[in-house]
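Novice: Residues annotated as signal peptide in TrEMBL: 1-17. The disulfide bond annotation in TrEMBL covers 71-82, 76-92, 94-129, 100-122, 111-148, 154-264, 272-288. Marked as domain 'Kazal-like' by TrEMBL: 93-150.
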Ligand SMILES: [Ca+2]
Ligand SMILES: [Ca+2]
């Protein structure tokens, strides 16, 4: 899933929005190697040997403790870390935001729905965890990536343009995956067959800058090519749990990086939730991308 999100973000940056920003987020885990110390000149060699021996025992005990650590296999959700209680039972507790790694730049900052900038998503999740059970915590979500900024209001005509570009983009993402999927298995066999049909269709509008009129015309003319990409994206997001509904956090990997580039993102997804129950059902999702009711098919997302 992580690979997917990263891939989608790259494509979102390149295809969907102004190609001005290229943020490459890379996590580097640098293991620091201990520097061996030379014994001091004139130091008692026996003493040095005992110290080295003690050190070796310490390292052995630390390694042993690490291997026995019941937290090793205990998974905690974002914002929590594992600790053991007095009976050595692992439990998840809220992470102290100050224990989060310092961000390496503004690109790691995130904006909360409270319009507060957090240093990183780790800092955000840790803060949200501390508010668990409160009304404030319930309402707080990660809104978008990058520091909080002024986002223009989305006007009605702009809102109707959003699904035109988004549908085209989804179709192009899938075709690109298909083309690169020679041995990577990015798509399942069933998915490959479906995308193959789109890929081989001579009437397919190739990726590139297209006018909104052309996109609208293509959707009308080649409607069938858009059914699967819309379903596929829903399936990619509906993961925690897989239940046919998208929560705010399930939608976040798609929504958060888009908002700073596409100012209609928030309004579009808000209006997608037609019955206003805070979940976007597959039917609601398909409908806001212009897919007809009779073409909504749960089997397409598996
Ligand atoms: Ca779900
Ligand atoms: Ca809903």
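Cβ atoms here come from the backbone N, Cα and C positions, even for glycine.
Unlike curated entries, TrEMBL annotations are predicted automatically.
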Novice: What is the interatomic distance between the Cα atoms of residue 111 (disulfide bond) and residue 122 (disulfide bond), given in whole Å?
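Specialist: Checking the Cα atoms of residue 111 (disulfide bond) and residue 122 (disulfide bond) gives a distance of 12 Å.
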Novice: In the domain 'Kazal-like' (93-150), how many residues does DSSP assign to helix, to strand and to coil?
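Specialist: Per-class counts: 21 helix, 11 strand, 26 coil.
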Novice: Out of 71, 94, 264, give those disulfide-bonded residues positioned within 10 angstroms of residue 122 (disulfide bond), comparing C-alpha atoms, in sequence order.
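Specialist: Matched disulfide-bonded residues: none.
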Novice: Out of 71, 82, 154, 272, give those disulfide-bonded residues positioned within 10 angstroms of residue 94 (disulfide bond), comparing C-alpha atoms, in sequence order.
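Specialist: Candidates kept after distance check: 82.
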Novice: Just checking: which of the disulfide-bonded residues 111, 129, 148, 154 have a C-beta under 6 Å from ligand 2?
Specialist: none
Novice: Give me the CA-CA distance between residue 92 (disulfide bond) and residue 148 (disulfide bond), in Å, as a whole number.
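Specialist: Cα of residue 92 (disulfide bond) to Cα of residue 148 (disulfide bond) measures 30 Å after rounding.
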Novice: Relative to the Cβ of residue 148 (disulfide bond), which residues of the same chain, six or more apart in sequence, are found under 8 Å away?
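Specialist: Sequence-distant Cβ neighbours: 111, 112, 115, 116, 117.
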Novice: If I take the Cα of residue 71 (disulfide bond) as reference, which of the disulfide-bonded residues 129, 154, 272, 288 has the closest Cα?
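Specialist: Considering only the listed disulfide-bonded residues, the nearest one is 129.
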Novice: Taking the domain 'Kazal-like' (93-150) alone, what is its mean pLDDT?
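Specialist: PLDDT averaged over the stretch: 96.
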Novice: Which one is it, among the disulfide-bonded residues 82, 129, 154, that lies nearest to residue 272 (disulfide bond) by Cα separation?
Specialist: 154
Novice: Sorry to bug you, but what's the C-alpha spacing from residue 264 (disulfide bond) to residue 82 (disulfide bond), rounded to the closest Å?
Specialist: 39
Novice: According to DSSP, does residue 264 (disulfide bond) sit in a helix, a strand, or coil?
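Specialist: For residue 264 (disulfide bond) - judged by DSSP and reduced to three states - the answer is coil.
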